[in-house]
Each structure stands twice: as C-alpha cells, then as structure tokens.
Amino acid sequence: MSQSHPNSVFSVAKFGGTSVADYAAMQRCAELVASRPQVRLVVVSASAGVTNALVALGNQPDAAERDQHLATIHRIQQGICEPLAEPAVTEQVHLWLDQLATLASVGPSATVAAWKDELLAYGERFSSLLFSRILNQHVSASCFDVRQVMRTDGHHGKAMPNQAEIRQLCQQHLAAQLEQQVVVTQGFVGADADGHTTTLGRGGSDYSAALLAAGLQANEVEIWTDVAGIYTTDPRLCPGARAIAEISFAEAAELATFGAKVLHPATLIPAVANNIAVFVGSSREPVAGGTRILPTTQQRPMVRAVALRRQQTLVTVHSMNMLHATGFLAEVFAILARHNLSVDLVTTSEVSIALTLDEAGSAANGHELLTEAVLAELGQLARVEVERDLALIAVIGNDVHSRPAVSELTFATVAPDNVRMICQGASPHNLCFLVNEAVANQVVQRVHDRFIDAA
C-alpha cells in the first residue's frame with residue numbers, strides 16, 4: 001500500500017448516504033468491510049438526509065427554519081450515537097453539532113461559497129467518525145481527516161483536485177496507516193493549499209474514492225450503494241431494466257455523464273488513468289453481485305443502456321455576425337468559462353449556437369446557473385433565448401455513430417413526441433437528444449423497450 005509495497009492487493013470501498021443512513025445500515029457495511037480483508041480504506045458520504053439539510057442551511061433561512069434543519073441533523077446523529085453507546089464519541093458529535101449551529105447562525109465571514117463548503121463538510125465528518133467506531137467493533141479501524149491529503153484548488157462548491165499533490169500527500173500521511181488498520185475517511189470534502197475546506201460537488205464521494213485509490217496505488221474501487229450495480233436504465237422507470245454484469249470504461253463514462261446516478265461522472269478519470277478496476281454493488285445485498293467496470297469487455301452490444309438527465313436548460317445564441325466569421329464560438333465559450341459554466345451538448349448553424357446546461361447539477365450545490373451577469377454578457381454579443389423544463393436522453397452503446405439503425409429506430413420510437421435537439425457523432429458511444437421533461441419518462445420506456453427488452 002505504501003511505496004515500499006507497490007504490489008500489495010487492496011481496495012478502496014465507498015459507501016453512499018443510504019448505506020450509512022443509520023446505525024443498522026452502518027453495521028451492515030461494517031460487517032461487509034470486515035468480511036473483505038482487501039479493503040483497507042473506506043470512504044463515506046454523509047448519512048442520508050444530512051446533506052440536504054446542510055444545503056438548506058446554506059441558503060440562510062430564517063431562525064425557525066434553521067432550527068428545524070439543525071434538529072434534523074441532530075436527530076440523525078443521535079440515532080446512531082445512542083446504540084453505539086460510546087460517551088467520548090457522543091461528546092465529540094455534540095461538540096460538532098454546537099459548532100455547526102454557531103456557523104449556521106453567524107453566517108459567512110468570508111465568501112458565501114467558502115462558508116457553504118464549511119457547512120457541507122460536517123455531514124461527512126459526522127458519518128466518518130461514527131462509522132469508524134462501529135467498524136472498530138469488527139476490525140481495528142480509525143478515522144482520518146481527508147483534508148490532509150485531498151488537495152484542491154479554491155473553487156468552492158466544485159473544487160478541482162490536484163492529483164499529483166494528492167498522490168504525494170497520500171504517501172506522506174496515509175499509506176503507512178493502512179498497513180496497520182482500516183482507515184475511514186470523508187468523501188466529497190477537500191482543502192485548498194491554505195487549508196480552507198472545499199467540496200468536490202454533489203455526489204463527489206465516488207470521485208474522492210477514485211482519487212484516493214489512485215494516490216495510494218490501489219487495485220480496485222468498490223462503490224457500495226443501494227442498488228446491485230449499474231442498470232440498463234432507471235428501474236423505477238422501466239420494470240424491464242436489468243443489471244449489467246460488465247461494462248467498459250467508455251460506456252460507463254457516458255452513462256455516468258448522462259444521468260446514471262449510481263456513479264459520479266468524474267470517478268472514472270483517475271480509475272482509467274491508473275488502470276484501477278471499479279465495482280458497483282449493493283450494500284444491502286452484497287451477495288446479489290453487481291457491475292464490474294473494465295477497460296474493455298468481451299460483449300459489445302449495439303445499445304447497452306438508456307440514460308435520462310432531467311432539468312436541462314437549452315440556450316440558443318443568434319447572431320448574423322456568425323455568418324462566415326471566425327472567433328464567434330470562442331467568444332461565447334469564453335463568457336461561459338469566465339462564469340465556470342460547463343456545456344454538455346452543442347449544435348451550430350450559420351447564424352446560431354444551441355447548447356445545453358445542467359440545472360440539476362448546479363442546484364444541488366445551491367448555485368444558480370444562468371445568472372443575470374451571464375445573460376447580460378451573452379446579450380451584448382447576440383440575441384439569447386433560454387428554454388427550460390427539458391430532459392436529456394442518451395442512447396449508450398458501441399459504434400453508435402456508424403450504425404444507421406440506432407438513429408433510425410430511436411427517432412421512429414420517440415415519435416410522435418417532439419425532439420428539441422439532437423447530438424451525435426462526437427462519440428462512438430452515444431446518441432443524445434432533448435425532449436420536453438413532461439414526456440421524458442414515457443420516451444425512455446419506449447426506447448428501452450425497443451433496444452433492450454427486444455434484444
């Protein structure tokens with residue numbers, strides 16, 4: 001695990017919010033870790049419900065509502081502390097609860113974004129401490145403050161990790177501990193070079209696990225969640241959805257990017273770069289198996305899955321100045337870059353650009369996406385139209401760009417519902433389109449039935 005043992009076989013396990021929701025759930029996960037001696041590092045999310053309450057606190061509600069959210073967090077932590085019955089741990093949790101209440105009531109002392117990150121980090125701090133003590137009932141375990149090694153830039157709300165520094169800090173401060181015991185740490189949370197708390201964006205615990213696995217030269221990342229792997233689509237939408245036993249890095253990256261909530265989109269970046277396998281399974285039913293994500297797979301079906309991402313915004317920029325001009329696209333994207341906006345899909349014509357933005361991902365961090373400042377800058381350049389309440393549907397597979405049957409059958413199946421935008425060709429693994437959010441569920445069901453159920 002340390003540099004002196006580069007060939008040691010070990011895994012980093014990550015448990016999501018529902019997997020560490022309460023004492024019973026934590027006990028199940030602790031038993032799972034104890035049964036898997038290759039797991040030496042455990043990364044946890046905040047207990048289910050805690051991050052939502054912390055995000056609400058970050059919106060600076062009135063005193064009554066603030067007390068209500070603090071009471072929710074207190075109830076969840078107390079529900080774990082009582083059966084754990086370790087007075088010193090309960091005392092520490094209550095100290096942090098008091099600090100959190102003070103932080104929430106006093107409000108930002110520097111920037112609002114930095115204050116929100118400080119608030120949000122408490123969720124993982126609580127869960128990692130409590131889970132480490134429950135795990136210690138089964139194997140020797142300790143809690144580690146990930147801010148010592150998860151070095152990021154200072155972009156609060158969605159900080160960018162510095163992978164080279166993370167690797168160096170992991171070897172300095174963490175690797176040796178893994179030789180002695182299982183270490184439990186926080187997902188989602190990091191720190192900049194000045195020690196200020198940062199966060200990686202909502203759902204960033206998966207990414208944390210992969211970054212730490214790369215920094216420690218692990219062999220595998222295990223993502224334990226509330227479903228037994230990655231499915232061909234959301235099982236809540238389609239009864240015929242089924243778990244995928246194996247999927248390639250490329251296909252999984254498309255699925256994660258376009259809406260499969262079981263995996264954070266950035267998780268695969270350090271995994272691919274360091275040839276680290278990824279496994280996704282259910283902490284409730286570990287014997288049910290799961291999905292293994294590998295560099296390549298033996299089976300390469302035309303369509304592997306159908307993904308859905310809601311709350312998409314379509315921005316169309318019109319200007320006659322685009323006609324036969326150079327540099328217009330660069331100006332548009334420079335404005336978006338200045339406001340840290342990431343674009344998903346892009347199509348262009350002679351006099352307009354259409355692009356999509358993900359409102360859902362932004363809202364999870366408490367930020368408004370299309371601010372007046374962004375629209376004002378774009379408006380100086382061109383006429384801007386904004387359409388909301390759209391959903392992005394992605395047909396994920398192999399050689400999609402060179403198989404006419406995929407687009408032909410997709411749009412025959414989508415009809416009579418209107419397709420607002422189509423994007424194909426940039427990747428051999430996807431065909432994407434926008435529809436009205438009101439019909440998105442039915443469209444996903446029909447497309448899944450056509451390609452997956454009929455296969």
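All positions are counted from 1 along the displayed chain.
The backbone N, Cα and C atoms fix where each Cβ goes, glycine too.
Taken from TrEMBL, the feature ATP binding site covers LYS14, PHE15, GLY16, GLY17, THR225, ASP226, TYR231, ARG236, LYS261, VAL262.
Summarising the annotation, TrEMBL assigns substrate binding site to THR51, GLU124. Under 8 Å, Cβ to Cβ, and six or more positions away along its own chain, GLU124 (substrate binding site) finds VAL44, SER45, ALA46, VAL146, GLN186, GLY187, PHE188, VAL189, SER205. According to its DSSP assignment, GLU124 (substrate binding site) is helical.
Taken from TrEMBL, the feature domain 'ACT' applies to 317-395.
If you compare every pair of Cα atoms in LYS14, PHE15, GLY16, GLY17, THR225, ASP226, TYR231, ARG236, LYS261, VAL262, the residues listed for ATP, the longest distance is 24 angstrom. Sequence-distant neighbours of LYS14 (ATP binding site): residues of the same chain at least 6 apart with a C-beta under 8 Å from its C-beta are VAL42, VAL43, VAL44, SER45, GLY187, SER205, ASP206, SER208, ALA209, VAL221, GLU222, ILE223, TRP224.
Cα separation, TYR231 (ATP binding site) to THR51 (substrate binding site), rounded: 25 Å.
The distance from the Cα of LYS261 (ATP binding site) to the Cα of THR51 (substrate binding site) comes to 16 Å. Taking a C-beta cut-off of under 8 angstroms and a sequence separation of 6 or more, THR225 (ATP binding site) has the following same-chain neighbours: GLY16, THR18, SER19, VAL262, VAL280, GLY281, SER282, SER283. GLY16 (ATP binding site) falls outside any helix or strand according to DSSP and counts as coil.
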